[in-house]
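Since the structure comes first, as structure tokens, the remarks are kept for the end.
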Amino acid sequence: MAQSTATSPDGGTTFEHLWSSLEPDSTYFDLPQSSRGNNEVVGGTDSSMDVFHLEGMTTSVMAQFNLLSSTMDQMSSRAASASPYTPEHAASVPTHSPYAQPSSTFDTMSPAPVIPSNTDYPGPHHFEVTFQQSSTAKSATWTYSPLLKKLYCQIAKTCPIQIKVSTPPPPGTAIRAMPVYKKAEHVTDVVKRCPNHELGRDFNEGQSAPASHLIRVEGNNLSQYVDDPVTGRQSVVVPYEPPQVGTEFTTILYNFMCNSSCVGGMNRRPILIIITLEMRDGQVLGRRSFEGRICACPGRDRKADEDHYREQQALNESSAKNGAASKRAFKQSPPAVPALGAGVKKRRHGDEDTYYLQVRGRENFEILMKLKESLELMELVPQPLVDSYRQQQQLLQRPSHLQPPSYGPVLSPMNKVHGGMNKLPSVNQLVGQPPPHSSAATPNLGPVGPGMLNNHGHAVPANGEMSSSHSAQSMVSGSHCTPPPPYHADPSLVSFLTGLGCPNCIEYFTSQGLQSIYHLQNLTIEDLGALKIPEQYRMTIWRGLQDLKQGHDYSTAQQLLRSSNAATISIGGSGELQRQRVMEAVHFRVRHTITIPNRGGPGGGPDEWADFGFDLPDCKARKQPIKEEFTEAEIH
């Protein structure tokens, strides 16, 4: 106990020495200094015991604390020296900031955005861009379509554009023209000239404008060609000039230096020309835009585009009227419904819709109504019947092997004689006169007489050497006839009515779709009155139609047959020529060779001539020989 009391002052001294070595701003603990004497033994002993225990712990703990504190101080000092947030180091320590770089986009802002706006903005001065009245002729160098809001011009040709404002803009205002692509997939590309025009000598020599610029200003030395350093877009700027006295427009002459179809340039991509009214600081006071096309023929392209636009408008209006029908929901057919067969037509999209067509004129309306009814009836006809009809039409439309003469058609040859010879109408039946006599040994020549023998046309020779097989075959009649009406060689309606002396009535028939005499064969006089034909022509036309019906048969008239001795000259009937042009022969020239025996010799008596029907006394008295007369054409 005494030893402990004796060592107490030494322990207190050691603790005070250690305590004094600590920093005064320690935040861990604070011990009061010893101010008591040795008279408080119990308290000193308690304190010495406390110090004794703290002596062993404080030696190691405080040493570690000092080491940790010094390390933290060094780290904090290093961090503070490199931190830009400390105000005392902010001015001295250089920082790697993008704002301090001279090439930063934030340091020098672009006067134009990356994607320029093409929305019309009249602004406070009611900025407008107009064009003069232009022509759509092919020779025009430029033209403007108000319908499409599109400018068409030739390359390097002057295109005047008028600028109008309601109030004068501030001094220093300029007008900028900039081309941009119209479509969204091309709008980020810069519009430039193609390499061919940019590097060529044409339109580049002696020009102050850069070769790559598409738009140039003509006749203004104050124009400036701007290449944006950020977006790369090219534009031309001219100072705004107020309109002259007596005018309300300021005209600027622009040139477009590359075609829209140039490869490597615009390459057929549509462009917009943006005209802006700007101040010196780039503030936009007004904006107008229009589409531009640089081509070789502005008038032609404008007309084609406007026609296409009108067609699209008509289709859009038609679809808008029938919008309810076109928006029907698709319904799948139930499994029980059979699939469409091969003979059933598949309707295209829109076949069930109803469309409207405006027609001017009653006659045009009636024609279109007939077409409509025909098409509707066509849908009711079975497809096999339609195919059969088309095959028949193709057979009827095959060209004939014989070329018709210049003044009348010829009958095509027959391949078969339908119904036999007894069923074919003879020449006498065709002409409508009875034969003078009939004989099995002589052909039925009917009313063939001297008058008919003198008519013009090809002769039909009778060859005695022809066999029966040749006589049974159908021969082609080479008669070139010019028959008078109503037996007209041309089946057209015009020739028929002209032959009747009624050319003024042609329009009454053609307006109703009647183009051939075959369409008139079933008309009555009441039908002619319904067609509004004048009364003075009705009876004439009706009689002509009756003569046609009685004169020849359209379905059987085919061609003339001839034989050497007993063949009947007739026209064969065939259904294959129902719609071909049929010529009806009215006048014939027949040459028949008569062999007269030489009975006028010394041994010939007068009674030998009785069977020939000659006046024998006159022949003997005058001694006139019987001669056969031939024309020069027949001799050669």
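From the backbone N, Cα and C atoms, a Cβ is placed for every residue, glycine too.
Noted in Swiss-Prot for the protein shown:
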| type | residues | note |
| --- | --- | --- |
| REGION | 1-46 | region 'Transactivation' |
| COMPBIAS | 94-104 | compositional bias 'Polar residues' |
| BINDING | C194, H197, C258, C262 | Zn(2+) binding site |
| MOTIF | 483-487 | motif 'PPxY motif' |
Output the one of C194, C258, C262 that, of all these binding-site residues, has the highest number of other Cβ atoms within 10 Å of its Cβ.
C258
Around H197 (Zn(2+) binding site), which residues of its chain at least 6 apart sit with Cβ under 8 Å of its Cβ?
I155, F203, M257, C258, C262, G265
DSSP secondary structure for H197 (Zn(2+) binding site), reduced to helix/strand/coil, please.
helix
What mean pLDDT score does the region 'Transactivation' (1-46) have in the model?
53
In the same chain, outside C194, H197, C258, C262, whose C-beta lies within 8 angstroms of the Cβ mean position for the Zn(2+) site?
R193, P195, N196, E198, M257, N259, G264, G265, M266
